[in-house]
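Everything on this sheet refers to the single structure shown next.
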Amino acid sequence: SFCFCFCSRSGAKLVAPLGCLVSRQKHTLPDLPYDYGALEPHINAEIMQLHHSKHHATYVNNLNVAEEKYKEALAKGDVTAQVSLQPALKFNGGGHINHTIFWTNLTPNGGGEPKGELLEAIKRDFGSFANFKEKLTAVSVGVQGSGWGWLGYNKEQGRLQIAACANQDPLQGTTGLIPLLGIDVWEHAYYLQYKNVRPDYLKAIWNVINWENVSSRYAVCKK
């Protein structure tokens, strides 16, 4: 949608309503950079199809609805409505942010260890890659209910950190850490294949981690 600002002959601006000024593009579901079956046998095609085309799509749709309502509340100056919409914005916005990162963190030709600066930083901050892997796995297994395990970058301290977030809480918006690698431990990410055995899913996912993507995220946030 387009907004216009009209000027009268006297040069005074007739400003468009606030709702019009908060013009935005609707969020859309990003395409996966690989086929739904590309991560097999570690994550099967049925999980990937449901996870992407149903779950992520729902977050996108609900985020657009919540933003539209928020835009209306802003235009009306309705602070109560703005506050009441915060949980929906956080949950659906976080779901969209988290999954958009997650898909790029995975690749059919993944696994192994990172290289270069990222590997050096992991060794510096966790002692070894094996220690890091063990710690992130343990934090992810330990998430109660639904949530995410994350490797993030603490810009103030210049170091890597591991964190867990509940539900769809976005890492940076809730902890300040810049997200590098996210592991989704909601049951919809693994239940069809691994049932209730989350540790088996977490063991398998290391085979499809896209270290090039994680490394490029690290390089960008260090600047």
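Using the three backbone atoms N, Cα and C, a Cβ is placed for every residue, glycine included.
Feature annotation from TrEMBL assigns domain 'Manganese/iron superoxide dismutase N-terminal' to 26-106.
Around His99 (Mn(2+) binding site), the same-chain residues six or more apart in sequence whose CB sits under 8 Å from its CB are His51, His52, His55, His56, Tyr59, Asp184, listed in sequence order. The feature Mn(2+) binding site is assigned by TrEMBL to His51, His99, Asp184, His188.
The domain 'Manganese/iron superoxide dismutase C-terminal' annotation in TrEMBL covers 114-217. Note: the domain 'Manganese/iron superoxide dismutase C-terminal' (114-217) comprises 54 helix, 24 strand, 26 coil (DSSP; helix = H, G, I, strand = E, B).
All protein chains shown were included, and the count of other CB atoms within 10 Å of the CB of His51 (Mn(2+) binding site) stands at 23. Within the same chain, residues at least 6 positions away in sequence whose Cβ sits under 8 Å from that of His188 (Mn(2+) binding site) are Ile47, Leu50, His51, His55.
Other Cβ atoms within 10 Å of the Cβ of Asp184 (Mn(2+) binding site), summed over all protein chains shown, number 25. Summary of the Mn(2+) site environment: with the site residues His51, His99, Asp184, His188 set aside, the chain residues having Cβ atoms within 8 Å of the Cβ mean position are His52, His55, His56, Phe102, Trp186, Ala189.
This prediction places the mean pLDDT of the domain 'Manganese/iron superoxide dismutase N-terminal' (26-106) at 97.
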